[in-house]
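The active site feature in Swiss-Prot is assigned to Glu150. The Fe cation binding site annotation in Swiss-Prot covers Cys107, His149, His153, and the record cites sequence analysis as its basis.
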Amino acid sequence: MTVGISVEKGKQDTPPLELHYLGDKVLRQKAKRIAKVDDEIRTLAKEMLQTMYSSQGIGLAAPQVGVNKRLIVIDTDPENPANAPLVLINPEIKKFGQQLCPFEEGCLSIPGVHLDVIRPDEIEVSYRDEQGKPKRIKASGLLSRVIQHEIDHLDGVMFVDRVENEIALSSQLKQRGFALKSVQRIA
């Protein structure tokens, strides 16, 4: 579950990758599976981690940096140097828990917008690590939520698509200069 990629946890003056924001078509595409885990993928994962830390995030999906690949990086405790980040390549949720929980989410691709989203509290996920080895983890709480949020990005879904409170959604998007028409409601 730990990552073998060494990255300093901290803000860089110039993050290596550029974030894309709500309204950008790249965020609405279904990302492509990664056929081979190689140095190019490991470099992308490292740069994604550096970008995530520089942006003060706890998760980042490749489409958020304009890369159409099924790769996510996560660190739910970025202030703790002992907590290793996760790199999940071709992640797939195999099982959802029965208990649903509302929790406030935000997104590096929609800065300043924070709204409640209801998601399963527990999941089981299969993926490949940065060496290409198959892995499977059970996650609950914050880790479960971040994995689900980032996998949504890989499928062209953004957290605002899942927000049920339309009044709060419209208000926050407008305050931050985002268009409500960029939201694609999940039925």
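Note that Cβ sites are derived from N, Cα and C of the backbone, with glycine treated the same way.
Long-range Cβ contacts of His149 (Fe cation binding site) within its own chain (separation 6+, distance under 8 Å): Gly59, Glu105, Cys107, Val117, Arg119, Phe159.
Cβ proximity to the Fe cation site centre (mean Cβ of Cys107, His149, His153, cutoff 8 Å) flags the following additional same-chain residues: Gly59, Ala61, Gln64, Glu105, Leu108, Ser109, Glu150, Asp152, Met158, Phe159. Annotation for Glu150 (active site): spatial neighbours Gly59, Leu60, Ala61, Ile72, Ile74, Leu88, Pro91, criterion Cβ-Cβ under 8 Å with sequence separation of six or more.
Here His153 (Fe cation binding site) comes close to Leu27, Ala31, Ala61, Pro63, Gln64, Ile72, Ser109: these same-chain residues lie at least six apart in sequence, with C-beta atoms under 8 angstroms from its C-beta. Its Cβ placed at the centre, Cys107 (Fe cation binding site) has 26 other Cβ atoms within 10 Å.
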